[in-house]
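Per Swiss-Prot, the features are:
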BINDING   T58, V59, G60, G61, S62, G63, K64, T65  ATP binding site
Amino acid sequence: MQSWVNKLWYQSHPLRFALWPLTLLFGAVSWLRRLLFSLGLKKATKLPVPVIIVGNITVGGSGKTPTVIYLIELLRSHGFKPGVISRGYGVEIEGVRSVLPEDKPASVGDEPAMIVSRTAVPMVVGAKRVDAAKHLLAEFDVDIIISDDGLQHYQLARDIELIILDGERRLGNGMLLPAGPLREAAWRLKSVDQVIVNGGIAQSGEQAMLLEPSKWLPVSPVHNGSLPPSQSQPLVAMAGIGNPQRFFDTLQALGYCVEQAQAFDDHSAYSETALNELANGRLLAMTEKDAVKCRDFAKDNWWSLAVDAKLSPSFDKQLLAKIDRLVADK
């Protein structure tokens, strides 16, 4: 299914024209909804702390989660106490709930489980981001909120908007859903504080971001000491993210011998049986987001590759300066 959609959105597939009427309808509804908020006919809830939205205008993975982790670490290093809110994609959450280190991705979502596992940040998930943000402020000592996704969730007033763009895919065929991958039209890029480009070539006015591999982590929490992958050792690679090929290309660029590469749909659920069959006793390499879903049944020779987002000092300086102004005005 995902490969078919990729052909439709990122290649010149003729079916996109058949979907044009639905795209017009989607665009009209999206425009009207934004207009109601901009005119004040629908009210956005303002919070007593700065709110940073990390989102995108395309469907699928673009690098939001590594960016959120980068911001958490940046803000902490400058004395802030960040908290994070998220929808918890792919799970049904009644009301809101705090994300705990022991929570399973099936209960809170893949990205929230990974973010809390990596950073131990205070985090709340819920379909209504305003409610999630209020719960976060009530339950935790937080002085700035990062919203993982939620660019189109206009009920929550925001102080800073960051769009993360896949530098290789960019806007695909440039069409709105369902004919293309866009949640909002391309003009939205000009209305945000920063457009962060993950990989590829950043255009004028955009911020370049690199995802740098940092280290191999054992998937199993009771790892028994097997060695991490080496370039001379054949491995099986798997990825269930927005752009699996990016992970496979990274492994090959690092010099690893990828004997087999298996792409899964984003947010796929994994079974012990299926992954045992895939690995067949061989070393299995996966992304951090996949790893949080495999811990309960992982074998000793299953490893995940941690990546760190890297942004320029000028980005950090501009962002922190704006946050300081916001804090002074709150």
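Any Cβ shown, glycine's included, is placed from N, Cα and C.
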Other than T58, V59, G60, G61, S62, G63, K64, T65, which residues of the same chain sit close to ATP? List them in sequence order, counting a residue when its Cβ is within 8 Å of the Cβ centroid of the site.
N56, I164, D166, G242
Neighbourhood of S62 (ATP binding site), C-beta criterion under 8 angstroms, separation at least six
N56, I164, L165, D166, N198, G242
Count the other Cβ atoms sitting within 10 Å of the Cβ of T65 (ATP binding site), across every protein chain shown.
25
These are the binding-site residues: G61, G63. Which one scores highest on other Cβ atoms within 10 Å?
G63
In the chain carrying K64 (ATP binding site), residues 6 or more apart in sequence that have Cβ under 8 angstroms from it:
V54, G55, N56, E111, D148, D149, I164
Three-state secondary structure, which DSSP defines for T65 (ATP binding site):
helix
Counting across all protein chains shown, how many other Cβ atoms sit within 10 Å of the Cβ of V59 (ATP binding site)?
17
Considering the binding-site residues T58, G60, which residue's Cβ sits among the greatest number of other Cβ atoms within 10 Å?
T58
